[in-house]
Amino acid sequence: MNTNSSNMMALAPNTSKKRETVCIFGTGDFGRALGHKMIQCGYHVVYGSRSTQISNLVPKDAEVLSHAEAAQKAAIVIIAIQRQHYNFLTPLAEILRGKVVVDISNNLKLNQYPESNAEYLAQLLPGARVVKAFNTVSAWALQSGALDASRQVFVCGDDTEAKEMVMNIVRALGLTPLDQGSLLAAQEIENYPLQLFPMWKFPIFLSLGLTAFFFFYCLALDVIYTYIYEHNNFSFFIAMTIPNRICPVVALILLGLVYLPGVLAAIIQLYRGTKYRRFPDWLDKWMLCRKQLGLIALAFASLHAVFTLASPLRSFVKWRNAKPIISQALNNKTEPLDTTNAWLSDSYLALGIIGFFFFVLVGITSLPSVSNSVNWREFRFVQSKLGYLTLILCTAHTLVYGGKWFLSPTAYKWYLPNIYMLSLVVPCAVLVVKFVLIFPCVDKPLTQIRQGWERNPKSSEQSNYIINKSAV
Amino acid sequence: MNTNSSNMMALAPNTSKKRETVCIFGTGDFGRALGHKMIQCGYHVVYGSRSTQISNLVPKDAEVLSHAEAAQKAAIVIIAIQRQHYNFLTPLAEILRGKVVVDISNNLKLNQYPESNAEYLAQLLPGARVVKAFNTVSAWALQSGALDASRQVFVCGDDTEAKEMVMNIVRALGLTPLDQGSLLAAQEIENYPLQLFPMWKFPIFLSLGLTAFFFFYCLALDVIYTYIYEHNNFSFFIAMTIPNRICPVVALILLGLVYLPGVLAAIIQLYRGTKYRRFPDWLDKWMLCRKQLGLIALAFASLHAVFTLASPLRSFVKWRNAKPIISQALNNKTEPLDTTNAWLSDSYLALGIIGFFFFVLVGITSLPSVSNSVNWREFRFVQSKLGYLTLILCTAHTLVYGGKWFLSPTAYKWYLPNIYMLSLVVPCAVLVVKFVLIFPCVDKPLTQIRQGWERNPKSSEQSNYIINKSAV
Amino acid sequence: MNTNSSNMMALAPNTSKKRETVCIFGTGDFGRALGHKMIQCGYHVVYGSRSTQISNLVPKDAEVLSHAEAAQKAAIVIIAIQRQHYNFLTPLAEILRGKVVVDISNNLKLNQYPESNAEYLAQLLPGARVVKAFNTVSAWALQSGALDASRQVFVCGDDTEAKEMVMNIVRALGLTPLDQGSLLAAQEIENYPLQLFPMWKFPIFLSLGLTAFFFFYCLALDVIYTYIYEHNNFSFFIAMTIPNRICPVVALILLGLVYLPGVLAAIIQLYRGTKYRRFPDWLDKWMLCRKQLGLIALAFASLHAVFTLASPLRSFVKWRNAKPIISQALNNKTEPLDTTNAWLSDSYLALGIIGFFFFVLVGITSLPSVSNSVNWREFRFVQSKLGYLTLILCTAHTLVYGGKWFLSPTAYKWYLPNIYMLSLVVPCAVLVVKFVLIFPCVDKPLTQIRQGWERNPKSSEQSNYIINKSAV
């Protein structure tokens with residue numbers, strides 16, 4: 001195998017080229033991993049340590065000196081020490097004056113301290129040019145070269161030249177530096193690696209809650225009801241039938257919930273006569289997680305599509321399809337084609353397929369690289385126009401699927417509606433309100449409001465700032 | 001929900017950290033939105049306005065002064081005024097001398113003025129360091145924090161330091177600055193937000209035209225012909241059967257049209273004996289929208305795949321499949337397996353599936369982030385080699401699908417061929433010509449020409465520049 | 001069609017705006033293409049050439065002078081000459097002193113020379129500010145404007161100001177410059193365009209080998225055995241049945257091979273009691289191509305999904321499904337539903353669908369733009385947690401598919417197991433070992449080792465450096 005790929009390049013030692021000397025304070029795991037990597041990439045590394053005795057853990061080609069001696073040997077000092085031990089650096093402030101001091105620390109919790117570690121370090125060392133970097137890279141990734149997710153190194157600092165020096169080291173290690181501006185960005189950079197899909201939490205819990213609710217609803221109506229009243233054991237419905245009922249229902253409800261906050265916001269703006277008053281907090285948060293809601297809806301819709309396409313493979317479906325054929329053969333007759341049924345079945349399938357197609361299209365534009373390559377107008381077109389088209393098609397798909405069953409009393413076991421009827425509530429409400437909102441008499445004032453016009457400029461502005469104050 | 005995601009970060013006011021003062025000229029919608037956002041991010045904002053009376057619309061924490069006073073308070077002046085009012089700035093030229101003046105304006109039409117707004121501003125204010133920025137961000141996105149599509153802020157300007165100052169503000173607002181070079185790039189940046197998929201227009205209209213043509217063709221042959229001559233009402237074919245005939249046909253024709261211009265270009269180059277003469281304009285444009293044609297072909301192919309996989313769910317198909325089974329049962333016999341039929345049906349399905357698989361593979365490499373991570377040689381390999389493999393497989397799929405029907409007279413209703421026969425014309429022509437082009441006796445001179453060799457250097461060069469001149 | 005897209009922008013000549021003069025040494029194909037493009041973008045181009053007679057090939061608006069004269073006219077000199085002719089530049093060293101000299105050359109082989117062409121050039125011209133750029137762009141792409149894959153131009157150099165000047169030209173030509181740091185990066189940049197999916201070679205050959213082996217295995221058992229002992233001609237199995245047996249088997253084995261090296265690495269670390277000793281070379285390489293193995297496994301799994309969903313369309317399957325229906329009709333009875341069978345068939349389908357769903361999810365996070373937008377913790381969660389969930393679900397899918405056949409002697413034709421049984425070996429082994437590794441008594445020391453703890457610090461460290469030395 002050719003080892004000269006860009007992935008492996010960074011692993012290969014090119015010791016023939018000597019780069020500058022870099023000092024690392026601290027011989028912990030990350031300090032050692034970083035030092036090892038830098039030596040591989042041609043840097044000369046000097047460790048600053050309290051004791052020069054534990055040198056057997058440190059890369060062999062590195063020197064180990066006292067902190068003061070080590071710092072004097074290099075223009076760049078990397079602090080691989082935890083924040084609670086930063087105090088010991090104060091006596092070294094004079095030696096570190098003018099040097100590039102790199103803070104690579106992370107915290108255990110989000111916003112653990114009032115100021116970021118890098119800003120705290122800058123306070124301790126007034127003369128040093130503090131740069132924040134490397135905190136998003138793991139020691140394991142540095143050592144193993146498995147740098148798929150962590151190629152990006154966020155760098156920030158107040159001194160442009162110092163930042164450039166650190167970014168050159170980042171590039172030399174085979175990583176991608178991203179300039180995040182001044183040291184004020186350090187807090188954000190330190191919080192970044194602690195997150196685990198923060199924007200996804202609410203949408204995922206919501207969809208899991210809906211799934212659980214509809215699972216028990218279906219279990220009662222499809223398995224338990226059938227067992228009690230018809231003495232059929234359809235427990236195997238749990239594997240395919242019930243999931244394939246839940247998925248489209250959750251997908252349609254979530255898709256409705258993507259467009260509901262936009263409609264609510266329009267009503268609030270129309271009612272208030274201004275766009276300069278802040279929305280309620282729940283609406284703000286809801287609007288910010290619409291993308292996540294939509295993508296989870298797409299996941300459920302995809303599962304529904306595959307479950308449906310796989311249904312002819314099920315032995316239950318084969319058995320159910322064989323029954324009418326055998327009975328026709330036994331009764332010695334061939335039933336003619338029911339054209340109404342053919343229309344219904346074909347159009348509900350076609351609506352579903354085309355709706356799903358547009359849904360996937362909208363989903364593809366949510367990929368970061370695609371949404372970055374379209375402009376605002378194009379993005380709005382896809383997310384708003386194509387999104388509403390998807391909602392209309394999927395709602396129509398469900399309505400046609402229901403067909404004549406809406407009014408049939410046998411569809412209501414235990415007087416409860418089938419779950420696809422429940423799924424129609426949110427999207428139908430959104431579509432009806434949206435339909436009202438595009439009437440010219442409603443659309444015109446709304447457009448004016450969104451362009452900055454206000455019905456009662458004075459009063460609204462005041463209440464705005466009252467609200468903002470209480471929110472801050 | 002955890003609010004410390006990078007998306008929401010930009011919304012959170014971190015007023016504890018004071019940044020520099022920024023001046024905004026103009027209290028229109030965008031000026032107010034930008035000022036509000038900057039105050040949230042710790043900047044001190046001073047508005048320059050003709051009248052200091054309309055201050056109730058302006059964010060409360062901002063000062064409102066006259067233009068001259070406001071400009072003197074800040075090193076950066078953002079001009080949130082429309083181009084037609086730029087004249088009023090000429091008296092302020094002296095005050096703005098040396099300051100960073102940020103042009104954020106957009107036009108209503110592409111190339112509305114001979115020079116870009118930013119260059120016009122630079123002419124009006126000779127001493128100012130003009131930077132173009134923020135024009136791709138909408139006021140709505142700034143206020144709502146819904147910055148999915150508009151995180152990228154194109155920045156250009158002739159003064160590097162001024163540009164860096166503006167890029168720091170962009171980063172502080174939670175946006176991503178993209179340095180586009182000198183102020184000459186301003187025209188392009190101003191045109192950018194006015195576009196709505198310009199490269200997609202021709203491919204989309206072409207595919208819609210083809211779809212409409214084939215729809216009426218199929219309607220005539222499958223529904224009207226059947227109704228007239230066989231007295232069957234197959235109107236429900238409109239929902240599923242006809243779309244599933246149109247989709248593969250349009251997909252195959254578009255895929256052929258992706259590779260046709262390359263073949264035409266090779267013929268033209270061989271005929272002319274040089275690559276230094278410009279292609280006809282239509283061929284140039286056609287070659288530039290091949291990616292879009294290919295992606296639309298992929299969309300139609302995907303629809304065809306899903307329509308086909310969903311067909312066993314149709315009540316018409318169930319009824320049609322049941323007929324031979326019932327007749328076998330009634331006639332008391334079991335028909336043996338027709339091996340030829342099994343071979344035909346299996347191989348046409350397998351060819352289609354593998355062709356679609358490679359088509360999707362080629363489509364994935366069209367994603368911006370994937371095509372950016374491969375080099376030119378790899379991209380050519382996928383787009384050319386795998387693309388032709390896809391074309392061969394899809395053409396073979398259609399040929400095997402046709403099978404023995406090509407020569408059967410019953411396949412020609414009203415003496416018209418079935419549409420899958422029409423779809424074979426373009427791809428077969430491309431494949432035949434391409435087959436000729438890879439013969440060594442043709443391939444060798446073509447390769448030489450593409451490496452810069454010319455049959456008649458002198459004459460071709462002259463005509464080249466005559467052609468270029470007339471084109472300019 | 002609107003021609004003002006960002007793709008076509010770079011093609012449009014904006015000759016009204018004059019930029020600085022650029023000198024190009026060499027009138028070969030790339031030199032001419034680059035000069036033509038630069039003239040279109042407003043630069044004044046001067047060619048340096050041995051003979052000023054061959055000017056008819058050169059763009060008409062360009063001057064052609066001797067090397068020395070041309071170099072004196074511009075601050076930037078682009079060397080469009082092959083490395084073996086660089087010697088002729090030594091007499092010009094004095095003229096090129098202080099100028100920005102751009103090396104755009106590529107080699108024919110990886111690491112053809114001990115030092116990169118750009119570094120060699122810098123040695124020849126000690127006073128010049130050498131910048132490496134443009135080598136990843138092809139002449140054809142520059143001329144045709146088909147810049148999809150080659151928009152990125154890697155730039156490196158030791159002089160920041162020189163680099164910035166070159167990056168401005170790159171931007172003016174409509175390309176995207178990527179700063180790769182100092183001139184030490186030139187070797188990597190020169191190797192880049194010569195690669196053809198280096199990381200993919202081993203995974204692709206492995207999967208093709210597995211596919212070939214299982215193809216002949218299936219051919220023997222399904223076609224030849226049936227032909228010899230049952231006198232049935234099932235040769236058409238080659239088209240659909242056998243591919244659909246091979247795909248899931250190869251997919252599952254490859255997926256197992258993705259997680260096997262991680263498990264082996266854990267065992268090695270536990271055995272050695274340290275993480276600071278280098279893994280064997282084969283394990284290192286294996287770990288680095290896990291992403292590629294996983295994506296190929298996903299491709300095979302996708303093919304399996306589509307083959308399976310398409311199976312109801314096969315005429316063989318229709319014939320096979322009709323047989324029991326006809327026999328029921330002829331025997332005048334309706335068989336009741338076999339609930340055990342329904343459970344088995346539904347749960348194996350459901351496991352497969354959900355496993356495939358998670359597999360696709362893991363695959364999507366492998367897209368560069370998605371993996372760049374998640375942090376290390378999120379990436380590990382998806383790749384490790386969701387990856388193992390996928391492996392468990394897919395293994396369970398295969399186990400339930402096997403169902404009661406494992407113990408049935410009729411499943412062993414020629415005493416050979418069915419291939420799905422072979423596919424279970426690797427994933428089951430991985431899951432069993434992983435299950436052992438998550439026991440607290442094993443997990444605790446492993447976690448300690450991975451955080452830097454060592455069982456025998458002294459001895460392991462020494463052997464580490466002995467090993468490392470022999471490896472270097």
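Just so it is clear, glycine is given a Cβ too, placed from its N, Cα and C backbone atoms.
Per TrEMBL, the feature domain 'Pyrroline-5-carboxylate reductase catalytic N-terminal' maps to C:21-107.
Summarising the annotation, TrEMBL assigns transmembrane segment to C:204-229 (among others). Long-range neighbours of the transmembrane segment (C:204-229) within the same chain, counting only residues 6 or more positions beyond its ends whose Cβ lies under 8 Å from a Cβ of the stretch, are 197, 235, 237-238, 241-242, 245-246, 249-250, 253-254, 257, 292-293, 296, 300, 413-414, 416, 418-419.
As annotated by TrEMBL, transmembrane segment applies to C:249-271 (among others).
Feature annotation from TrEMBL assigns domain 'Ferric oxidoreductase' to C:249-383. Helix, strand and coil counts under DSSP for the domain 'Ferric oxidoreductase' (C:249-383) come to 111 helix, 0 strand, 24 coil.
Annotation comment: TrEMBL describes C:292-310 (among others) as transmembrane segment.
As annotated by TrEMBL, transmembrane segment applies to C:348-367 (among others).
TrEMBL lists C:388-407 (among others) with the feature transmembrane segment. When Cβ-Cβ distances below 8 Å are used as the criterion, the transmembrane segment (C:388-407) is approached by residues 248, 251-252, 255-256, 259, 301, 344, 347-348, 351-352, 354-356, 358-359, 362, 418, 420-421, 423-424, 427-428, 430-431, 434 of the same chain, each at least six residues removed from its ends.
Sequence-distant contacts of the transmembrane segment (C:419-442), counting only residues of its own chain at least 6 positions beyond either end whose CB sits under 8 Å from a CB of the stretch, comprise 214, 217-218, 221, 245-246, 248-250, 252-253, 255-257, 259-260, 263, 266-267, 270, 388, 391-392, 394-395, 398-399, 401-402, 406. Among the features that TrEMBL reports, transmembrane segment is placed at C:419-442 (among others).
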The DSSP breakdown of the domain 'Pyrroline-5-carboxylate reductase catalytic N-terminal' (C:21-107) into helix, strand and coil residues is 36 helix, 21 strand, 30 coil
In the domain 'Pyrroline-5-carboxylate reductase catalytic N-terminal' (C:21-107), averaged pLDDT is 85
